[in-house]
Amino acid sequence: MTFKHNYDFDPTYGYDLDKLLQVEASITPADFAYFWQQKYERALQVTPYVSLQDTGRIVNHWRVFDCYYNSTDGVRVGGWLLLPEKEEIHCAVIWAHGYGGLDEPDTTWKLKHTAILVPCVRGISRSHHHPISDDPYWHVLHNVQDREHYILGGCVQDLWCGISAVLTLYPNLKYKIGMIGNSLGGGLAIFATAFDKRIKRCHFHVPTFGNVSLRLTMPTIGSTQALIDFGNQALLARNLPYFDTSCAAKFISQPSHWGLALFDPYVAPPGQFSAYNACKGQKELFVLEAGHFIYRGEGKQRRELRKSVESFFKTLGDCDET
């Protein structure tokens, strides 16, 4: 499908589906797994000290709670916990947002017997944390000069600490955790899933941070443009390979579901597909005509994708330690 648009670049970047399915992953740094395993271990050492406040609201049969918990680096993460109005809870899903942030949680999910934690990662929405900017252009650059303290690593730890927070409330859900991520959250969720076996099923929607060297050649109106504009490309070449989802996806063994776009002015499709192609585990692909873009038929595709994702997570409550 060809779209009329006003961008001064082609948001397909000249790739059709066949070509997208051939995009290769980046070369993985030798200490990539060690780097992320160390971040994971540090997240596990955090006591979440969860705070819940019942808002008194019930929306679409979800009870809405304000939720706050501790993460690494002294960050207090804010968000929401959605609990089913009447059903028993058999599993939990962590839902990671995009760079637009959140004013309210999405209560349109039809996930039976499921608790949904909706955290705002550090610096964004309910997790404002000085001096981190909530502007995507500056957020994605925060501490990029220091891979140990680069913002994206901390954001992934926010998701891991979110799982720990849920498990302090519902320890019986230890092997029944799912992960859903959208755009920024999709990229973060790939890293989180790759190194946390507490996560049993995962869905990634137009995920960011694919093949670094490739996507930095592709103009965008998304956060990657800040990296393209960055003055010290040699520094990025040293640090960003550790934050490349096409490297992380190689470590995903859990069943995964992917919603990827053929046309996307914010997250270049070749980057999205580089992560999908690198994932060697059991996976499902839902192809979207476009991402981050309004088009004829978008609503229908979104509804179809939602049904597919909800069906994918139906068995989450049946997962066990294996």
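Here the Cβ of each residue, glycine as well, is placed from N, Cα and C on the backbone.
Annotated substrate binding site per TrEMBL: Tyr99, in sequence order. For Tyr99 (substrate binding site), other Cβ atoms within 10 Å of its Cβ number 22. Under the three-state DSSP scheme, Tyr99 (substrate binding site) falls in the coil class.
As annotated by TrEMBL, domain 'Acetyl xylan esterase' applies to 25-290. Averaged over the domain 'Acetyl xylan esterase' (25-290), the predicted model reaches a pLDDT of 98.
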